[in-house]
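Engineer: Right, I'll just put the structure down here and ask away after.
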Amino acid sequence: MSIDINSSQTLDIKLALTAGSEMSPQAATVYFGYGSNLWQDQMRQRCPTSTYIGIARLKGYEWFIYDRGYANIKTAEDKTTEYKHDYTQEVWGLVYRLEPEDEEDLDMNEGVPIAYTKELLECELWEAKHGDKPDRGKDPKKVDMLVYINRKLTTPSKSRTEYVYRMNKGIKDALKEGVPEEYVKQVMRKFIPEVEDSSVAELARKQALKFED
């Protein structure tokens, strides 16, 4: 399901979790982060009251860097593959619960409605419980999540240097939380080299706190 969300609206998503879960059923904005917001330290700075929920997979979409130099996703095209499991036909990310103030701040950081627009897309969620990383061996829950996307600019491009720094921080956190390593290899490493340029560290950390284009 895809629903356009006006930037002035606050998403109010009912995340109904099973009995025994750490989270009781409640209204919340459930956000799917697939770009530099994989970097949990960046999310803590941008959205200090956000709560990490787990990892998720968005099927039928493709991850890439678009012409602004940042991550984007688009509807995946059918194609032949050499891989046993084709991760180019899905997007993995970390999931956070947002308070209204945090969502407003995130909208500004994401450049809504110019750089991205907001949609609700159905994702598969594996929850993190009791401090443990999610178990991908269990069946996921299907949850509609807030996703930032630019459907107009879909041509792959080159990542900005400071963004490579932030993405590598995010990739480390994503792998730690259970995002498949093969997804990183097949998809993200096409655009994000595994290098750490200390010369852009200061700029990257400033951008992590408050993005400026």
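Just so you know, glycine gets a Cβ as well, placed from its N, Cα and C.
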Engineer: Please state which member of Y116, Y163 TrEMBL lists alongside Y31, F32, G33, Y34, G35, S36 for binding substrate.
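Structural biologist: That substrate site, as TrEMBL gives it, pairs Y31, F32, G33, Y34, G35, S36 with Y163.
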Engineer: For the domain 'Gamma-glutamylcyclotransferase AIG2-like' (31-150), jot down how many residues DSSP puts in helix, in strand and in coil.
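Structural biologist: Counting residues per DSSP class in the domain 'Gamma-glutamylcyclotransferase AIG2-like' (31-150), I get 24 helix, 51 strand, 45 coil.
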Engineer: Rounded to a whole number, how many Å is the Cα of G33 (substrate binding site) away from the Cα of E110 (active site, proton acceptor)?
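Structural biologist: G33 (substrate binding site) and E110 (active site, proton acceptor) have their Cα atoms 11 Å apart.
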Engineer: For the substrate binding site, please report the maximum Cα-Cα distance among Y31, F32, G33, Y34, G35, S36, Y163 in Å.
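Structural biologist: Largest Cα to Cα distance for the substrate-binding set is 20 Å.
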Engineer: What count of other C-beta atoms do you get within 10 angstroms of the C-beta of Y31 (substrate binding site), across all chains shown?
Structural biologist: 27
